[in-house]
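Feature annotations, courtesy of TrEMBL:
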- 27-473: domain 'Major facilitator superfamily (MFS) profile' (DOMAIN)
- 75-96: transmembrane segment (TRANSMEM)
- 108-128: transmembrane segment (TRANSMEM)
- 134-155: transmembrane segment (TRANSMEM)
- 167-186: transmembrane segment (TRANSMEM)
- 198-219: transmembrane segment (TRANSMEM)
- 289-312: transmembrane segment (TRANSMEM)
- 324-344: transmembrane segment (TRANSMEM)
- 351-371: transmembrane segment (TRANSMEM)
- 383-407: transmembrane segment (TRANSMEM)
- 419-439: transmembrane segment (TRANSMEM)
- 445-467: transmembrane segment (TRANSMEM)
Amino acid sequence: MNVRADDDTETETDRPAGNSRTLTLTVCSAAIGGTFQYGYNLSIINAPTNHIQRFINDTYWERWGTGLDTSQVTLLWTVIVSAFSLGGLTGALLAGPMAVRCGRKNSLLLNNSFLFLGAVLALTSRAARSVEMIVLARLLVGVNAGVSMNVQPMYFGESAPKHLRGAVAFSSAVFTAFGIFLGQVVGLTELLGTEPLWPYLLASNALPGLLQLLTLPWFPESPRYLLMDRGNKEACARALGRFRGGADFSLEMEEMLQEHADAGGATAKSQTPWDLFSNRSLHPQLRTVMAASSAMMLCGNDSIYFYASYIFLAAGIPMEKVQYVSIGTGACEFTAAVVCNLLIERVGRRVLLSGGYALMAVWALVFTLALTLQGYSVPGMPYLSMVCVFCYILSFGMGPAGVTGILPAEIFDQTARPAAYMVAGSLMWINLLIVGMAFPFIVSYLDALCFIPFCCVCVAASLFVGLTLPETKGRTLAEITAEFDRRNLLKKGPEKQGPEPMKEQYQLGKALSLTTVDPEAQWSHRVKKNDIECLCD
C-alpha cells in the first residue's frame, strides 16, 4: 500500500501561495561562496597546467642544481591535483560537527577562512619559490569545498518549502556547473591563463568568498536547525516567516514540531556516522546514499575536467583549440543543470538519477566505439568523440550532478542528516581521489577502452537506483521513511511484514495516533494551530 494515495496530487496546503525573494537571495548568497567554489576550483587548475609544471621544474633546479624528468614532474603535478581531493575529504568530515555546533549558515561563513588562507598561499607561492605552498593552498581550498558541498545542500533542503525542496537543493548543482564554466573562462590565455598571471588565477577564488561574507549574514538560519537543534521556536517562526514571504506556514511548523517530538524533543542528540551504521532500520537509506555518492565520482565525469586537455588531444582536437573546447564542457553541464532544476519537481528524483546514469552508459559505449575507429583512421571520429564527451557531461548534469546531493536531506531526519552527509561526502571525495589518480593510468593501459569501467559503473548505478530508491518528490520525511520500510519488509519476506502500515500513521499531526499510546500522551505531542499563530505574531 502506498503511503500517499496520489503522489502527483498536491493540496492547497502543499503549495503555499506566498512568494519570498528572501529564499532566492539566500540561495544565491550561500551558493556563490559554497558549491560554486567547488566547481570553480575544480576547473581553474586545468588552465595553468604547463605553467605550474614549468615552475615545479625551475624551482627544483634552483634548489638542487638539477632538473626533473617528465615522469617526476607529472607525479608532483598529480600531488597538487590530488591535494584538492584530500582537502575535500577533510572538509566532509568537518562538515557534520560544524553544522551541528555552529549552524548551517555560520558554518558556511566560517568555511571561508580556509579559502582565504589558501588564496594567500597561492598568490605568494611563486614569489616564495615554493611548490609546497601550492600543495597546501589546494589542500585548504579542498577543505572549503568539502564543507560547502555538505552543509549547503543541508541548509537549502531545510529552508525550502516541500514543493520547492528539490529545485532549491538542486541549485547547488547549478552553481557548481556555473563555477566550472566561469573557471574555464577566467583561465583563458586572454585573461588569467598566462604564465605571469597564474598565481592570481589560483587566488581569484577569494572574490566569491568575500561576496558571501558581505551578504549571507543578512539572511536567516535554517528554520529546522533553530527548532530541532537549538529548541528556539520563536526564532524558527521568524525564519519561516522571512523564507515564506507572508505565506501561511502553520502546517509546516506543525510538521517540524511533530518530527521534533518523534525524535525525542529536547533530549534528541545528533547522531554520528557510527550510529547510522549501527541502526539497522536506517541501512536501506544509508545504502542508497552510499551507492549514489560513490557512483557520482566513479562515473568518471570529473576526470574530464581534471584531464580535459588530454582527452581532447587524444580525440584529435588541435592544441590551440583545446581551451575553447573545454569551455564548451562547462557550458554544457551548466545548461543541463539549469534545465534539470526546472524539471526536478515535475519529473522526480528517481527518474532523473537512474535515467541520467543510463544515458551516460550509452554515451560511454559510443565514445569507446569512436575512439576505436579513430585508431583505424576512420574520418569524422575525432569529432564524434568530442560530441560524446559533451553528451556524457550533459547526461551527468541532467540528474546525478544535483539529485545526489539532495538525497541525504530528504531521506534522513534532523538528528541523522549531518552524519549522513559526512558519510556521503567522505565517499565522494575518496572516490574522486581514486579516479583522479587512476585515470591517467586507465588511459595509458586501456587506451580506446578507457571509458568501459565508467560505463559499468553507470549501468550498475542506474539499476540500483531504479530498484531501491523510492520517489521523494513532494513527500514528507515520514512518508519517505514509510516507503523505505515497506520496501525493506517486502525483501525480508511476507511472513515478517506484519500488518500494513496505516496511511494515517504517517500523516501530519497523526504520527503518534497508534492505539497503544495513551490518548493524553498523544495530545501532549500535538501542536495546535492557534499556538503556532501565536508564535508567528
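Every residue, even glycine, has its Cβ placed from backbone N, Cα and C.
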Residues of the parent chain within Cβ reach of the transmembrane segment (75-96), under 8 Å, 6 or more residues beyond its termini: 38, 41-42, 45, 49, 52-53, 56, 68, 107, 111, 114, 131, 134-136, 138-151, 270, 273, 306, 418-419, 421-422, 424-426, 428-430, 432-433, 436-437, 440
Tertiary contacts of the transmembrane segment (108-128) (same chain, 6+ residues out, Cβ under 8 Å): 30, 33-34, 37, 55, 91, 98, 102, 134, 136-141, 143-144, 147-148, 151-152, 155, 198-200, 202-206, 209-210, 212-213, 216-217
Leading stretch by Cβ pairs under 8 Å, where the reference is the transmembrane segment (324-344) and the options are 167-186, 383-407, 445-467: 167-186
